[in-house]
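Participant: Below: one structure in structure tokens.
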């Protein structure tokens, strides 16, 4: 999520076939020094969430109000969800996904990497503009990331801005997209030292921690993640047409931080009852409610890509947060931008301006590597297929935001698929997790533990098994389409001479198909097909899963997941 409050994905894992006591992960020999975002900390100890083994993911609560003095806990009345199960429950028997954030070396090293400025002259000029607050706002249609429609004459307006906001900064020859990141000393003193304020630890990761202080989520992060999160928060706020002084946390069903301290690399946001992965109260009779939620989340993906020109690249049920009452979902947001990237055509034009030290910070360069994108358990079919041919294959968006959007929507379809399986299983959500998700997550974790640069063949094998399992699960809902999808992937590998992977894909698919029964979901699936919104849900989901090649990413998906 925006850096506001998710527990860093993958810090909690529960190995397959284990009793309730969770076993610590052993350091896998596939990890190498080239890993950018690591599964293991520097001391080689496994990362873990420091929360009860069976608890729901505890995510942030109420928004922090910046413009007023009423920042007390009484104004923040959202509470964290608790696990419904006792200590002796079988939660730990369910395989949970490891962290799969970016696996490549960081492209943004200020000392020697590509700078966004064509020469020191332009960098010095832009720094001078920022330092003097001579920032001009433009509505030019030629600049996609331009945000606001007026020229600032009153420079003191910057003293009133409390949350990151995007501006178009003009030099004599170039236009830069710069997010102004204000520094609030009062909030810094209140939240930036959570250990000293006895804040409760929600999660621990390789690059920081997530705390809860009076129901406010505090996320500490590393430099790059703080920069990209602050930048994305400013872009979303501005491109939505939000007021310049807005400090909203939720915009267009996207959860963003409403305060980022670039001095301490701390961001604040709000909490929700639970994440979608931990939601267990699915009821096929409420499909209209669920379809409406999915439509809002799909619109969030479209807004992020088509308006903001940003790929999420980490869509999973763990990064979708909801408020609910029993089986009814009232509110849902997409969060966590740790893996997000600007569309590559904007490389070299994006930065943040930090009020606290009046310096510029470059936004990390987008490399668009498929192995950098998504958790393998929710990676689109087309992305996993491309990795099998070339581990370091880059996504060709062709400067077309629709292609970027469809790639994110295909990952969203993987999330919806698991939701439908939980919704339709007559045995209940817990059994659906154990029966349909356990093997998928075990295979995905196998890929997560490998560095694709050091062990490309092992990584491709692991991704091949994940791809086969995706097709197996897809066949449970769309058995008339699964043969065509299977044959397209098989032929794709065969035509490119990847005969070993082709045979591994075939063997894994055939073996896992024998182990997967459709019977538990037949009744629920029939109920889904008999309702108007259930039929629409299955139609839209099927259309996204029929995107199996790079050319398919040009399809018009604007009518899918629309109420």
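Cβ from N, Cα, C; glycine included.
Residues or ranges marked as region 'Disordered' in Swiss-Prot: 1-33. Annotation comment: Swiss-Prot describes 1-16 as compositional bias 'Polar residues'. The ATP binding site annotation in Swiss-Prot covers 202, 203, 204, 205, 206, 207, 208, 209, 210, 219 and rests on similarity to another entry. For 314, the entry in Swiss-Prot reads active site, proton acceptor.
Context for these features, please: burial, neighbours, distances.
Facilitator: Using a 10 Å Cβ-Cβ cutoff, residue 210 (ATP binding site) registers 31 neighbours.
Within 10 Å of the C-beta atom of residue 314 (active site, proton acceptor) sit 25 other C-beta atoms, taking all shown protein chains into account.
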Participant: How big is the Cα-to-Cα gap, in Å, between residue 314 (active site, proton acceptor) and residue 210 (ATP binding site)?
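Facilitator: On Cα coordinates alone, these residues lie 18 Å apart.
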Participant: Which three-state DSSP class does residue 210 (ATP binding site) fall into?
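Facilitator: It is in a strand.
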Participant: For residue 314 (active site, proton acceptor), what is the secondary structure by DSSP, using just helix, strand and coil?
Facilitator: coil
